[in-house]
Amino acid sequence: MAESKCPAHQHVLKANVGGAGTSNQDWWPDRLKLNILRQNNPVSNPLGEEFDYAAAFNSLDYFALKKDIQDLMTDSQDWWPADFGHYGGLFIRMAWHSAGTYRVADGRGGGGGGQQRFAPLNSWPDNVGLDKARRLLWPIKQKYGNKISWADLLLLTGNVALESMGFKTFGFSGGRADTWEVDESANWGGETTWLGNDVRYSGGKADHKDIHNRDLDKPLAAAHMGLIYVNPEGPDGNPDPIAAAKDIRTTFGRMAMNDEETVALIAGGHTFGKTHGAGPADKLGPEPEAADMAQQGLGWTNSFKSGKGPDTTTSGLEVTWTKTPTKWSNQFLEYLFRYDWELTKSPAGAHQWVAKNAEAFIPDAFDPSKKRKPMMLTTDLSLRYDPIYEKISRRFLEHPDQFADAFARAWFKLLHRDLGPRALYIGPEVPAEVLPWQDPVPAVDHPLISNEDASALKQRILASGVKPSSLISTAWASASTFRGSDKRGGANGARIRLSPQREWAVNNQPWLRETLSVLEAIQKQFNTSQSGGKKVSIADLIVLAGVAAVEKAARDAGYAVTVPFTPGRTDASQEQTDVQSFSDMEPIADGFRNYGSSTSRVRAEEWLIDKAQLLTLSAPELAVLIGGLRVLNTNYDGSAHGVFTQRPGKLTNDFFVNLLDMNTAWKSIGGVDLYEGTDRKTGAKKWTATRNDLVFGSNAELRAIAEVYGSSDGQEKFVKDFVAAWDKVMNLDRFDLKKKQSTSSHRL
């Protein structure tokens, strides 16, 4: 084997240093990945745990920052010249590609943590050239320091770019604290080659080359590995606008955009700037993560002529859409319908379309004496030839004011979809209008219940006849919808009682209907008996009921504990609830309630870890919650799987004690997910369990945690830690409590 001059470029070479060598994942590729529960450790943050980004942002001279960004737009640098003397198009693409990785299925991706700075996003084929965009911004980031995060700066710069070219944006909110390491929780697909898609379609089984009839795996929202959305040349490079429309509708829909928002974003975004395909793609050097150290984090060094300016290659396409690419206009739509289009190729050999019988009047980006014919991408033509998109596009063409408003709103949604509720919005340009996709909840407009009221209500709830397990199950079902990824869900709003959550299979159970009915009666009785307008919301009452039941379970186990409770939640209405958007949040599996099963590609315990990460739980928090929820008898269907106790309903460490009992032998029954535990001597049946239960004995790291709670001195710690983890989940969405924002989660 030939030796490489640079070991960094030869993966078969193993560095003889700590952390190198064959890893556990190399030996056992299918081992459970717990690393996503250990992300964003405070020690990784150079700003320290005490740094309050929201306070820092609010101390920023915001409009001075915007002025500096606007000045940069036309300050062309020799090392990376601006197209048409204006960086607007480049910065719009940068912001779009930062925010556009968001997907509604799991809330991951998006611009919230500035992940475009890190692999793999910084090296995706779709992000060629954005390394230069971020470096252009460095002097501004350096000037304002920690008062502006990279996450906010990337998106704000896109907003300022639009404004600098004459477009009126809808507004902007800051508040995105930077992350300091790669987000390993995001699944970008199973392919091992850039631009591949042989795994993501139809479960990797069906003919993924049938571009007219294939299904993209959830939660993925891109047609190819390394692209933000779709191949602009058409599906798999086939210049078919109709087939491309199918891919567009799927991928933009996975990003929470409807057809009108999709048309507005494509037509609006392609009003500005150009694509780059001046020379062959094989003239581009390695991407940033593979580039030589001397490149200092830049990549794709271009050896074609000057490699920049008029000789730039990024996507390989060479298209300028409008006559005024640095000004807002309706020209994209005008040209789309004015001309017939014929297929051609860019200088780099990529499929694109040229206007038939058109004069050359489109400006060159660097030579004023040169003109070009109008050009379009295959995906642009989808807006004309897909019948649904065409209807919207023609309306926008005929009503430019509607187009501008739709683009402004869709762009705002694109940039803010993963920021969370309006309680997290900060800055002087936050729009006053409340939008449905922000999952609004009413403001508190009444006196809240006191500690004495809460105590009385807890007694009334426990005396209502509803099983404590049902109270706990309802509280968990409400609060555990929270996703730390996009900060959606949670107990605030009590949407557990509304469509679609109440119809979800995991929730459509007798215990939920009974509990809600009783709690609504208690609420009505309490509220009508109060003077001075004091009220308790169903949202608060659901959580309070869970608190009461957990406290009772601890008392019954011999431990007097007080589970924290802070009122202030309000009740959302059905009209405030976007049914489609919340439907995308329905869990495929929820191992905390022993709901769901393994598939041919995902084991049940992997769904459990995925859910725990979305709940921002650590591995100890995951373990203690599972152990507690099992002995509290809260399986969604009332089954006894994993209920390793002879005293269900008491908050004991029995789950761990009995799981670790060597007198029990386990065997698989009923498929891959169900197990039976029998006495090793007598063979008598003792327990049944699922993979969600037994993983705490089979996985070495989880077993180590289970042993702490299953030891003779583990009971008191178990109760204490369960209460802390329970309280954390109940309050994950309580941004109104003004908890200090942090990219790290609480650790046991």
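Here the Cβ of each residue, glycine as well, is placed from N, Cα and C on the backbone.
Classification of His97 (active site, proton acceptor) by DSSP places it within a helix. Swiss-Prot lists His97 with the feature active site, proton acceptor, giving sequence analysis as the kind of evidence.
Counting every protein chain shown, the number of other Cβ atoms lying within 10 Å of the Cβ of His270 (heme b binding site) is 26. Under the heading heme b binding site, Swiss-Prot lists His270.
The number of other CB atoms found within 10 A of the CB of Arg93 (site 'Transition state stabilizer'), across every protein chain shown, is 25. Annotated site 'Transition state stabilizer' per Swiss-Prot: Arg93, in sequence order, evidence recorded as sequence analysis.
Here the Cα atom of His97 (active site, proton acceptor) is found 14 Å from that of His270 (heme b binding site).
Cβ-based neighbour count (10 Å, all protein chains) for His97 (active site, proton acceptor) stands at 22.
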